[in-house]
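Some notes on the structure that comes next.
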């Protein structure tokens with residue numbers, strides 16, 4: 001991966017309960033202000049038909065620090081006509097080497113979720 005890549009951070013959401021991508025889910029990216037200890041929203045996006053969301057941060061705006069991705073899982077399930085236990089999922093992670101590419105998948109059902117650092 002070169003530093004010219006405009007998408008240093010991507011995500012992919014899979015509805016494992018139904019075995020399909022989680023399309024049309026709202027996602028937001030936040031960065032922790034370590035001085036004030038508050039989260040600042042950097043961007044918002046929506047997963048595409050394949051459950052993917054990229055373009056949340058540019059290479060130039062991607063700096064070392066603590067970030068979180070917030071997935072609006074409750075709204076997603078409500079739009080599917082179903083209930084869920086988790087109204088949202090937040091995945092907090094630390095970035096130290098901004099020249100790398102980071103992929104954070106979310107695997108979810110109505111009553112569980114898991115995540116990992118992908119490639």
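Just so it is clear, glycine is given a Cβ too, placed from its N, Cα and C backbone atoms.
As annotated by TrEMBL, domain 'Transthyretin/hydroxyisourate hydrolase' applies to 4-118.
The annotation substrate binding site is assigned in TrEMBL to 12, 52, 116.
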Item to complete: With substrate as the bound species and 12, 52, 116 as its recorded binding residues, calculate the greatest Cα-Cα distance and give it in Å as a whole number.
Response: 15
Discussion item. Averaged over the domain 'Transthyretin/hydroxyisourate hydrolase' (4-118), what pLDDT does the predicted model reach?
Written reply: 95
Response to the item:
Across the domain 'Transthyretin/hydroxyisourate hydrolase' (4-118), DSSP labelling yields 7 helix, 55 strand, 53 coil
Worksheet, complete the sentence: Neighbouring CB atoms within 10 angstroms of the CB of residue 116 (substrate binding site), all protein chains considered, total 10
